[in-house]
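Student: Straight out of TrEMBL:
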type	residues	note
TRANSMEM	C:20-38	transmembrane segment
TRANSMEM	C:45-65	transmembrane segment
TRANSMEM	C:71-93	transmembrane segment
TRANSMEM	C:105-128	transmembrane segment
TRANSMEM	C:148-169	transmembrane segment
TRANSMEM	C:190-212	transmembrane segment
TRANSMEM	C:252-272	transmembrane segment
TRANSMEM	C:278-297	transmembrane segment
Amino acid sequence: MDKHSPPTPTDVDEHDAGRAKPRHPLQKLYAAFESPGRRRALHLTILAILIVTPWISSQYTTVILTNALLYVVLCLGLNVVVGYAGLLDLGYAAFFAVGAYTVGILTQQFGVNFWAAIPFALMAAALAGVIIGGPTLRLRSDYLAIVTLGFGEIVRFTARNLEITGGASGLSHIPEPSLFGWHIDSSIDFYYVFVVLAVLAYIASQRLFDSRLGRAWLYVRHDEDAAEAMGINRVATKLAAYVTGAIFGAIGGIFFSVNLGAISPESFSFQQSVLILLAVVLGGMGKIPGVILGAFIVVLGPELLRDFGTLRLLIFAVLLLLIMLFRPSGIWPEKRS
Amino acid sequence: MNKFLKLVTATTVLSLAAGSMAMAQEGPIVIGVQAPTTGSEATYGKDMFNAISLAADEINADGGLLDGRQIELISGDTACDPQQSVNAASRLASQEVVGVVGGYCSGATQPTLKTYGDANIPFVIVAANSTQLIPANPGNAVMINSTGDDQAKTALDFFEGKGIEKLAIVNQGDAYSQDLANLTRDAWTGAGHTVSAFEYVNKGEQDFSALVNKIRGSGAEAVFWTAYYADGGLLIRQLRQRGFQGTIAVGDGSNSPELFNIAGKAAEGVFAFSNPTADFLPAAKQFASDYQSKFGNAPGPYAPLAYDGMQLMAWAIDKAGSTDGDAIIKALNSADGQEWLAGPISFTPQHTLARSNFVVLEGQGGKWTRYEK
Amino acid sequence: MTWYDSFLQQLVDGLVLGSFYALVALGYTMVFGVIKLLNFAHGDLYMTGAFAGFGGLSLVSGFLGAGWLGIFVAMLLAMLAVGCLGVVIERVAYHPMLGAPRLSILITALAVSLVLQNAALALTGGQYTAFSTDLGFGGISLGNLFLSYNQIVLVAAAAVLMIALELFVSKTLYGRAMRAVSIDKDMCRMMGINVSAVIAVTFFIGSGLAAAAGTMAGAYYGSIWYFMGFLIGLKAFTAAVIGGIGSITGAMLGGLILGLLESFGTHIPFIGSEWKDVFTFSILILVLVFKPTGLLGKSEVERM
């Protein structure tokens with residue numbers, strides 16, 4: 001993009017950082033959570049709420065929270081690609097599908113133990129990350145969008161056409177896993193599994209953000225040429241982003257498949273990819289708490305509007321539009337410069 | 001004073017609670033409707049919801065169930081997505097519905113079987129008919145739509161009767177139509193005939209010209225469309241526009257009067273396999289006209305089944321004499337030929353429909369008529 | 001049918017399909033040109049255009065009939081209405097976002113798409129609407145090659161619209177301003193060009209073309225529904241990228257290529273209709289690997 005194009009995330013970040021004090025009331029609120037002491041308290045509170053919730057609420061709440069936590073994992077993964085490395089991805093559901101199908105095929109058709117199948121699923125996803133990352137490294141973001149979209153559609157059509165993936169009906173009777181004698185099968189069991197996954201994804205995201213690689217992503221996002229001049233391997237850095245994102249997505253998919261017990265191509269559509277991207281941008285690209293907030297909004301929003309019947313998505317879309325108009329950089333934007 | 005206020009509040013709360021408990025005993029009977037009312041399948045989901053509400057209204061007008069209790073419906077929108085349908089099912093379960101009627105996309109219906117099974121909620125599956133649902137059923141669900149096997153057999157007999165040798169099969173890449181297409185292909189080649197083209201179209205695609213050319217080029221004498229009426233109507237139109245003279249038949253997903261609106265003249269002489277719904281029973285005629293006047297369009301392919309599903313649920317609740325899940329499930333499975341619009345209902349030990357009486361319909365004068373060989 | 005006839009028939013059918021893709025892709029590419037936005041709501045403007053055309057036809061069919069004349073007038077009405085809708089959408093949803101990160105505008109466009117789709121769902125009750133016209137099935141047979149009159153009129157109409165657009169962009173003052181704005185907005189402002197007005201005109205034309213395609217598709221295929229914009233939106237986006245997004249000639253070329261790929265893909269053994277889309281997307285990816293800016297796109301240095 002040339003220098004006269006509309007400001008990129010980078011420009012806006014710098015703009016925000018240039019302000020003396022956070023002026024917006026929301027920014028004040030967010031800033032209140034930034035101090036390390038409060039942060040720990042907040043973490044503990046959230047963890048406590050997550051642990052007790054299933055015992056004091058209905059099964060419905062547990063189920064939709066499980067769903068939201070799955071989205072937290074997926075969104076944090078996409079956030080690595082989009083938020084950290086600045087690469088647009090419209091086919092993220094492909095990685096989600098690769099994880100889910102690898103585990104589904106291995107456990108259900110070949111009788112492999114669930115835990116033994118996980119490394120294979122992760123390898124398959126990493127490979128998919130390299131395959132999708134490879135041809136896109138030279139592309140501008142808009143072309144990246146269509147290549148990733150195309151890749152996502154290729155994966156979905158392949159799943160629909162092949163026999164081993166069960167065709168359009170998909171795979172069913174994927175066995176539920178056991179862990180040290182704990183048979184994971186009730187909705188509360190899966191809820192806790194996803195709590196653990198979301199917490200791990202959160203910690204991993206934070207670590208990646210602070211790591212050498214995280215800074216390399218930042219440089220590449222801001223200025224590829226300058227980054228390369230400083231000795232950052234552009235190709236390896238970008239590929240690392242795709243592979244990391246792919247692994248997050250695959251982990252989501254792996255546990256998604258055993259949670260539902262059945263998977264079919266319609267779970268991995270373009271709309272799914274778009275929804276995940278929507279959550280990331282809505283919450284605030286690159287900002288971990290923002291992304292988590294976004295994940296909760298896209299899952300809980302349409303659920304809370306169920307009483308409106310057919311109109312629920314219309315109302316949700318209008319709300320989305322309003323949020324974007326009032327918070328153009330996302331609800332809780334990233335400010336690191 | 002403060003004490004007095006507390007006392008008053010406590011009494012009010014108590015009496016309200018007692019009131020609502022009494023209400024729960026005599027209040028409405030809440031039935032969940034599981035259907036996609038948003039997303040790309042909303043056309044069919046809304047059809048089902050409309051038909052179910054029509055049945056509920058009729059039952060309520062006749063004095064309701066269990067000594068005058070009215071039926072109240074809650075929508076459980078699945079958007080045809082497995083995740084969302086589990087959400088919807090859990091919500092219905094949390095709202096303590098007495099039973100659930102619906103189920104359109106097999107893929108989205110399957111994971112909900114466990115949800116309802118765990119909550120012991122009776123579930124009448126009206127449209128979804130994948131054979132994969134059978135082993136996933138914990139015993140609380142019954143399927144009132146025939147499975148693909150029955151229809152593939154009907155198709156085989158029909159095309160053989162027409163003296164066809166080369167058949168083209170077209171599906172839409174979703175679980176239902178792909179399943180039916182595969183079953184028909186296996187039956188057709190198994191009987192020693194040729195499948196000259198086995199094709200896919202994407203939902204929402206409008207231009208089938210390349211496909212039509214391919215079918216014509218393959219020398220097919222007949223075309224079997226296994227998916228729904230909307231895209232089927234377009235395909236039929238384009239087949240006839242391009243001079244395809246052979247036999248065209250469509251599966252039960254295309255059995256809707258709306259097919260004639262979309263395909264126009266081209267739908268004349270098209271055959272459809274269907275449950276014997278039909279506009280032949282007086283009750284069905286009444287249903288079609290009530291539906292048309294209430295919702296402004298003709299009932300879709302699964303509307304009669306959805307109507308029957310609601311009626312069956314109501315019949316079972318009445319027979320059980322209570323809203324107890326076990327009693328209703330027992331009553332559902334005891335159905336022995338109850339009949340509303342789509343033929344008599346009784347179940348196999350696997351809780352699937354115990355009959356296969358697909359009939360062949362023919363499009364004549366802008367509506368479906370019974371086809372006799 | 002010989003392979004030669006079959007080849008010609010595929011060519012003709014691919015071109016007809018490609019004209020639809022091209023018309024819709026033009027809107028994508030024009031909007032991208034001036035504000036660098038992938039307008040995900042564009043497919044839904046096509047859908048809205050089809051319904052507007054349907055409404056227009058029922059207004060005018062009383063005195064103009066539902067033949068070509070009636071459809072033509074209905075199409076103009078639909079173009080006008082949807083063109084205005086496009087301008088309103090730009091004003092309400094995109095204009096306030098021009099300073100925001102580009103992905104944010106993308107998400108706004110997605111929200112607009114959801115609004116249009118679900119509004120149409122609510123208004124039509126999800127039903128398919130039959131778009132009935134008086135058009136016949138007739139056509140010309142050249143040996144084994146068949147061309148319906150409808151196809152001929154359709155391709156001609158699409159060609160006229162595209163030529164008109166090309167002339168508008170290359171010859172008129174507004175067209176020149178449009179090209180200038182796509183190169184450098186700030187400089188345009190300094191030169192006294194009313195950038196907002198140019199953007200509005202761009203949206204008007206892009207949306208109008210989508211409406212034209214929607215009305216023609218409705219009349220040609222015979223039925224319309226609330227979700228019809230989704231798939232074609234995706235395909236037109238693909239077409240615009242193959243041609244080189246931002247390039248008007250590229251969009252036309254991309255549309256035609258995509259139409260031909262789909263048409264021929266159906267006939268290639270081992271691909272067929274089952275793998276047709278995998279084939280198309282694979283070709284797309286290959287094109288971009290070897291020509292990262294699309295066939296006719298210009299390369300730019302980008303910083304995201």
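Glycine is no exception: its Cβ is also placed from the backbone N, Cα and C atoms.
Curation does not apply to TrEMBL; its annotations are automatic.
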Student: Hey, does the transmembrane segment (C:252-272) touch the transmembrane segment (C:190-212), meaning at least 3 C-beta pairs closer than 8 angstroms, sequence gap 6 or more?
Tutor: no
Student: Of the listed stretches (C:20-38, C:45-65, C:105-128, C:252-272, C:278-297), which one yields the highest count of Cβ-Cβ distances below 8 Å with the transmembrane segment (C:148-169)?
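Tutor: Answer is C:20-38, with the largest number of Cβ pairs below 8 Å.
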Student: What residues in the same chain, six or more past the boundaries of the transmembrane segment (C:252-272), come closer than 8 Å to it by Cβ-Cβ distance?
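Tutor: 6, 10-11, 13-26, 162, 235-236, 238-244, 278-280, 283, 294-296.
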Student: Grab the same-chain neighbours of the transmembrane segment (C:45-65) for me: Cβ-Cβ under 8 Å, and only residues 6 or more beyond its ends, written as numbers and ranges.
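Tutor: Same-chain contacts beyond the flanks: 24, 27, 71, 73-79, 81-82, 85-86, 116-117, 120, 124, 129, 131, 133-134, 207, 210-215, 217-219, 224-229, 232-233, 236.
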